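A.B. asks: Shown below is the structure under consideration.
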Amino acid sequence: MTIDKLIEICNPLHVTNKDFDGEITTFAIDSREVKEGTVFIAIRGTQVDGHMFLEDAIGRGAKVIICEESYYTEADVCVIEVENTQKLAGPIAQAFAGNPAEQLKVIGITGTNGKTTTATLVYQVLCACGEKASLLGTVSKRILEEVLDSKLTTSDPIELANDMKTMVEAGSDYLVMEVSSHALDQDRVAGIDFEVAAFTNLSQDHLDYHENLDEYAKAKKILFDNLPESSTAVINADDVQGEFMLKDCKAGKSLLSFDNESAHILKNSSDGITIVVNEEKIESPLIGTFNAYNVGEAFLICRALGLDAKDIAAALSNAKGAAGRMEPVTVEGDNLPIVIVDYAHTPDALENVCSTLSSVKEANQTLTVIFGAGGDRDSSKRPKMAKAAAEFADKIIVTSDNPRTENPDLIIADILDGFEVLDNVKSITDRRQAIQQAIADANGNEIILIAGKGHEDYQEVDGKRHHFDDREIARESLTQKAGGGN
Ligand SMILES: CC(=O)N[C@H]1[C@@H](OP(=O)(O)OP(=O)(O)OC[C@H]2O[C@@H](n3ccc(=O)[nH]c3=O)[C@H](O)[C@@H]2O)O[C@H](CO)[C@@H](O)[C@@H]1O[C@H](C)C(=O)N[C@@H](C)C(=O)N[C@H](CCC(=O)O)C(=O)O
Ligand SMILES: Nc1ncnc2c1ncn2[C@@H]1O[C@H](COP(=O)(O)OP(=O)(O)OP(=O)(O)O)[C@@H](O)[C@H]1O
Ligand SMILES: N[C@H](CCC[C@H](N)C(=O)O)C(=O)O
Ligand SMILES: [Mg+2]
């Protein structure tokens with residue numbers, strides 16, 4: 001990267017000491033990552049103002065500073081003053097990585113629920129159709145078939161650009177990625193031209209971050225506002241916010257609606273769904289009406305990419321979706337309960353999953369729901385989650401999710417406030433104990449839903465993460481029960 005190229009991308013208000021002595025090596029948004037020759041960009045964050053770290057960055061060897069203030073330093077450093085640093089981090093990161101986004105067909109999926117499921121389905125269809133695809137999201141990163149850990153749903157612009165570079169080098173043609181509202185609000189995907197962008201739905205979550213639902217919806221809309229005309233917006237038109245997402249969108253539109261009967265659900269049972277979208281019949285092993293939306297959107301996304309309808313439908317009939325979403329935990333044995341692990345951690349998701357299980361259960365079966373709510377996150381969703389579970393469950397165990405830095409019993413108390421009657425509600429703070437007890441007490445006619453943590457293999461308590469996997473604990477308890485002959 002040359003200083004002239006960098007200045008061109010920045011469209012600066014002011015530049016000083018452009019002819020500094022030295023070379024540009026890397027790009028950093030965090031002063032702690034700065035090395036000799038780094039370009040450091042100061043971003044005003046949610047916790048601190050990156051402008052506080054200009055001296056720190058220079059001390060560590062930064063040669064160029066990009067900031068929103070006129071800044072004077074005696075050091076031999078180029079200072080580029082710009083209007084908005086946050087919006088520039090993406091384009092600069094892309095340029096440093098050799099503009100990998102331009103060499104990928106990028107598919108972005110946003111919405112409160114269903115991003116991971118839909119993104120995973122699209123990735124699975126692309127792979128089944130012989131395409132070279134990568135995936136970024138909550139559960140993991142997949143560079144072609146290689147699986148790597150994922151820390152955030154949508155990474156920061158530098159990590160994102162570096163991941164894209166690795167994908168391009170590995171021969172990937174497509175990137176399917178989840179785009180969170182935090183990422184949109186913080187411009188983490190600025191400068192990326194999406195080939196297809198999809199909206200799943202909007203319901204309450206993250207009100208600790210976004211001021212209210214309107215602000216949350218506006219953040220999601222950014223993805224569609226920035227689409228080029230040549231791209232396609234795939235929208236769940238049955239969601240009340242679907243129309244809003246398209247308000248300022250120049251892209252082509254592909255709408256999914258079961259309500260206006262442009263698409264149909266032919267079958268919705270415990271062994272899967274059959275839907276018709278654009279006259280194509282699609283069968284999927286995923287269950288529940290909410291998954292009809294995920295499968296339907298995955299189909300429309302793949303159609304927008306130009307894949308053959310029959311090939312997509314064939315691939316979807318084998319696509320299992322994402323780990324930890326309606327994932328059954330099975331063990332050989334008699335009279336064992338059906339145990340399902342799911343990632344529902346919002347009122348809407350919990351309602352959808354509970355209503356689905358309640359509608360597919362047999363007359364003699366009962367539904368037990370074990371759930372909690374995350375600490376240091378939107379606390380107003382807690383009583384609403386209680387209401388969602390109470391509507392469909394026969395028995396409820398309220399427990400801890402990831403308390404993070406909060407007192408788990410106070411989170412549980414917030415949830416308990418949402419129940420009108422507590423007759424079938426128990427609380428067991430220790431999640432392991434809650435799962436063990438539910439399974440030990442259950443008979444073969446019970447369906448036990450363990451909600452909230454899905455694929456997570458940790459629990460964060462007192463700010464520390466410990467290994468914890470709902471599926472592992474459930475499997476151990478079921479094995480013990482099977483061995484005991486109960
Ligand atoms: C609340 C939030 O979203 N924070 C994200 C945000 O950081 P921030 O703006 O709060 O950073 P800050 O601490 O205020 O610092 C401001 C700036 O000063 C810099 N700094 C800071 C300290 C220092 O010594 N030197 C320095 O240069 C920081 O690097 C930053 O550029 O920008 C960072 C870089 O992109 C993110 O890593 C960070 O994610 C944190 C780790 C996080 O936990 N985010 C979660 C809430 C999140 O984003 N989740 C979503 C949603 C998931 C879902 O849909 O459910 C996700 O995409 O995963
Ligand atoms: N289309 C949908 N509508 C409503 N609920 C859904 C939908 N799809 C999945 N869910 C529920 O939401 C949970 C989370 O699904 P998924 O992981 O696909 O969403 P996500 O948007 O990626 O969530 P996150 O933002 O937490 O990563 C699932 O376990 C299921 O309970
Ligand atoms: N990306 C979501 C995941 C929530 C998962 C749930 N298990 C929790 O910890 O609240 C968040 O960070 O809000
Ligand atoms: Mg996700």
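Cβ coordinates are placed from backbone N, Cα and C, and glycine is handled just like the others.
Just so you know, TrEMBL annotations are computer predictions that nobody has curated.
Just so it is clear, the model here is predicted, and its values are computed rather than measured.
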A.B. asks: Figure out which of ARG377, ARG432, ARG475 sits with ASP401, ASN402, PRO403, ARG404, GLY452, GLU456 in the meso-2,6-diaminopimelate site per TrEMBL.
C.D. replies: ARG377
A.B. asks: Short question: which residues 6 or more past the ends of the motif 'Meso-diaminopimelate recognition motif' (401-404) have a Cβ under 8 Å from it?
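C.D. replies: Same-chain residues near the motif 'Meso-diaminopimelate recognition motif' (401-404) but 6 or more away: 345, 371-377, 411, 431, 452-453, 456, 458-463.
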A.B. asks: Enumerate the residues of the same chain, ARG377, ASP401, ASN402, PRO403, ARG404, GLY452, GLU456 excluded, that satisfy the criterion Cβ within 8 A of the mean position of the Cβ atoms of the recorded meso-2,6-diaminopimelate site; list them in sequence order.
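C.D. replies: Sorted by sequence, the hits are HIS345, GLY372, ALA373, GLY374, GLY375, SER400, LYS453, GLN459, GLU460.
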A.B. asks: Could you pull the average pLDDT for the motif 'Meso-diaminopimelate recognition motif' (401-404)?
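C.D. replies: Mean pLDDT across the motif 'Meso-diaminopimelate recognition motif' (401-404) comes out at 98.
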A.B. asks: If you count Cβ atoms within 10 Å of the Cβ of ARG377 (meso-2,6-diaminopimelate binding site), leaving out that atom itself, what do you get?
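C.D. replies: A count of 19.
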A.B. asks: Same chain, not part of GLY111, THR112, ASN113, GLY114, LYS115, THR116, THR117: whose C-beta falls within 8 angstroms of the C-beta centre of the ATP site? Give them in sequence order.
C.D. replies: ILE109, THR118, GLU178, THR200, ASN201, ASN294
A.B. asks: Do you know the DSSP helix, strand and coil residue counts for the domain 'Mur ligase C-terminal' (324-454)?
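C.D. replies: When I sort the residues of the domain 'Mur ligase C-terminal' (324-454) into the three classes, I find 46 helix, 28 strand, 57 coil.
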